[in-house]
Amino acid sequence: MTSNAGSEIEKKSGDDNLLPTMNAENLQANMRTIYYSRTFLSIIAGVIAGILGLTNLTGFVFYFFVMAITSLGLLAKAKFSIHAHFDSWNRVVLDGFLSGLMSFVLFWTFAYDLVHIF
(Lines of atoms letter the chains of each structure in order from A; the text may use other names.)
(Lines give C-alpha, C1' and ligand atoms only; values in the text may rest on other atoms or scores of the structure.)
Protein backbone atom coordinates (compact mmCIF):
# COMPACT_ATOMS: atom_id res chain seq x y z
CA MET A 1 0.00 0.00 0.00
CA THR A 2 1.20 3.47 -0.75
CA SER A 3 1.61 5.30 2.50
CA ASN A 4 0.45 8.79 3.37
CA ALA A 5 -2.79 8.63 1.43
CA GLY A 6 -4.65 10.14 4.32
CA SER A 7 -2.07 10.62 7.01
CA GLU A 8 -1.12 14.10 5.95
CA ILE A 9 -2.76 16.52 8.37
CA GLU A 10 -3.15 20.16 7.47
CA LYS A 11 -3.65 22.79 10.17
CA LYS A 12 -6.03 25.68 9.70
CA SER A 13 -4.40 29.01 10.28
CA GLY A 14 -5.43 30.49 13.60
CA ASP A 15 -7.44 27.42 14.70
CA ASP A 16 -6.53 24.34 16.63
CA ASN A 17 -8.81 22.25 14.40
CA LEU A 18 -7.12 19.66 12.23
CA LEU A 19 -8.36 18.83 8.76
CA PRO A 20 -7.33 15.47 7.32
CA THR A 21 -6.36 15.70 3.67
CA MET A 22 -6.02 12.87 1.19
CA ASN A 23 -3.33 12.61 -1.43
CA ALA A 24 -5.35 11.71 -4.54
CA GLU A 25 -2.48 9.99 -6.35
CA ASN A 26 -1.73 7.69 -3.42
CA LEU A 27 -5.42 6.92 -2.97
CA GLN A 28 -5.74 5.99 -6.65
CA ALA A 29 -2.62 3.80 -6.44
CA ASN A 30 -4.10 2.01 -3.43
CA MET A 31 -7.38 1.47 -5.25
CA ARG A 32 -5.54 0.03 -8.26
CA THR A 33 -3.72 -2.34 -5.93
CA ILE A 34 -7.03 -3.56 -4.51
CA TYR A 35 -8.55 -3.97 -7.97
CA TYR A 36 -5.57 -5.92 -9.34
CA SER A 37 -5.35 -8.08 -6.22
CA ARG A 38 -9.02 -9.02 -6.36
CA THR A 39 -8.90 -9.74 -10.09
CA PHE A 40 -5.78 -11.90 -9.79
CA LEU A 41 -7.12 -13.85 -6.82
CA SER A 42 -10.49 -14.28 -8.53
CA ILE A 43 -8.78 -15.88 -11.52
CA ILE A 44 -6.69 -18.16 -9.30
CA ALA A 45 -9.74 -19.08 -7.20
CA GLY A 46 -11.75 -19.82 -10.35
CA VAL A 47 -9.09 -22.19 -11.65
CA ILE A 48 -8.86 -23.92 -8.26
CA ALA A 49 -12.65 -24.25 -8.01
CA GLY A 50 -12.78 -25.72 -11.51
CA ILE A 51 -9.99 -28.20 -10.85
CA LEU A 52 -11.59 -29.27 -7.55
CA GLY A 53 -14.89 -29.79 -9.38
CA LEU A 54 -16.92 -27.42 -7.25
CA THR A 55 -20.40 -26.90 -8.64
CA ASN A 56 -23.43 -24.74 -7.90
CA LEU A 57 -23.53 -23.03 -4.54
CA THR A 58 -20.26 -24.52 -3.26
CA GLY A 59 -18.34 -22.67 -5.96
CA PHE A 60 -19.88 -19.34 -5.04
CA VAL A 61 -19.29 -19.98 -1.33
CA PHE A 62 -15.65 -20.66 -2.22
CA TYR A 63 -15.50 -17.30 -4.04
CA PHE A 64 -16.96 -15.45 -1.05
CA PHE A 65 -14.46 -17.21 1.22
CA VAL A 66 -11.53 -16.20 -1.01
CA MET A 67 -12.74 -12.59 -1.16
CA ALA A 68 -13.12 -12.50 2.64
CA ILE A 69 -9.54 -13.74 3.00
CA THR A 70 -8.45 -11.16 0.41
CA SER A 71 -10.14 -8.37 2.36
CA LEU A 72 -8.45 -9.51 5.57
CA GLY A 73 -5.11 -9.63 3.76
CA LEU A 74 -5.57 -6.11 2.43
CA LEU A 75 -6.55 -4.89 5.88
CA ALA A 76 -3.47 -6.55 7.37
CA LYS A 77 -1.28 -5.03 4.66
CA ALA A 78 -2.66 -1.60 5.62
CA LYS A 79 -1.95 -2.48 9.28
CA PHE A 80 -5.67 -2.10 10.02
CA SER A 81 -5.39 1.69 9.73
CA ILE A 82 -7.89 2.11 6.91
CA HIS A 83 -8.23 5.87 7.10
CA ALA A 84 -4.48 6.30 6.66
CA HIS A 85 -4.65 4.65 3.21
CA PHE A 86 -8.28 4.78 2.02
CA ASP A 87 -11.27 7.07 2.37
CA SER A 88 -13.71 4.41 3.65
CA TRP A 89 -14.06 0.79 4.73
CA ASN A 90 -16.28 0.05 1.74
CA ARG A 91 -13.34 0.60 -0.59
CA VAL A 92 -11.35 -2.21 0.98
CA VAL A 93 -14.17 -4.67 1.53
CA LEU A 94 -16.37 -4.26 -1.56
CA ASP A 95 -14.43 -2.57 -4.35
CA GLY A 96 -13.84 -4.87 -7.32
CA PHE A 97 -16.17 -7.53 -5.93
CA LEU A 98 -18.50 -7.88 -8.94
CA SER A 99 -15.80 -7.63 -11.60
CA GLY A 100 -13.88 -10.27 -9.66
CA LEU A 101 -16.99 -12.44 -9.63
CA MET A 102 -17.18 -12.31 -13.44
CA SER A 103 -13.53 -13.31 -13.76
CA PHE A 104 -14.07 -16.09 -11.21
CA VAL A 105 -17.02 -17.57 -13.11
CA LEU A 106 -15.17 -17.39 -16.42
CA PHE A 107 -12.10 -19.25 -15.18
CA TRP A 108 -14.16 -21.58 -12.98
CA THR A 109 -16.17 -22.85 -15.95
CA PHE A 110 -13.10 -22.96 -18.19
CA ALA A 111 -11.04 -25.03 -15.73
CA TYR A 112 -14.01 -27.26 -14.92
CA ASP A 113 -14.59 -27.97 -18.62
CA LEU A 114 -10.91 -28.71 -19.24
CA VAL A 115 -10.52 -31.09 -16.31
CA HIS A 116 -13.89 -32.79 -15.93
CA ILE A 117 -15.53 -32.72 -19.36
CA PHE A 118 -12.74 -33.09 -21.91
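Placed from the backbone N, Cα and C atoms, the Cβ positions cover glycine too.
According to TrEMBL:
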REGION    1-20  region 'Disordered'
TRANSMEM  35-54  transmembrane segment
TRANSMEM  60-80  transmembrane segment
TRANSMEM  92-112  transmembrane segment
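Within the same chain, residues 62-63, 66-67, 70, 73-74, 95-97, 99-101, 103-116 sit at least 6 positions outside the transmembrane segment (35-54) and bring their C-beta atoms closer than 8 Å to a C-beta of that stretch. Under 8 Å from some Cβ of the transmembrane segment (92-112) lie the Cβ atoms of residues 31, 34-35, 38-39, 41-43, 45-51, 53-55, 59, 63, 67, 71, 74-75, 78, 82, 86, all in the same chain and six or more residues away from its ends.
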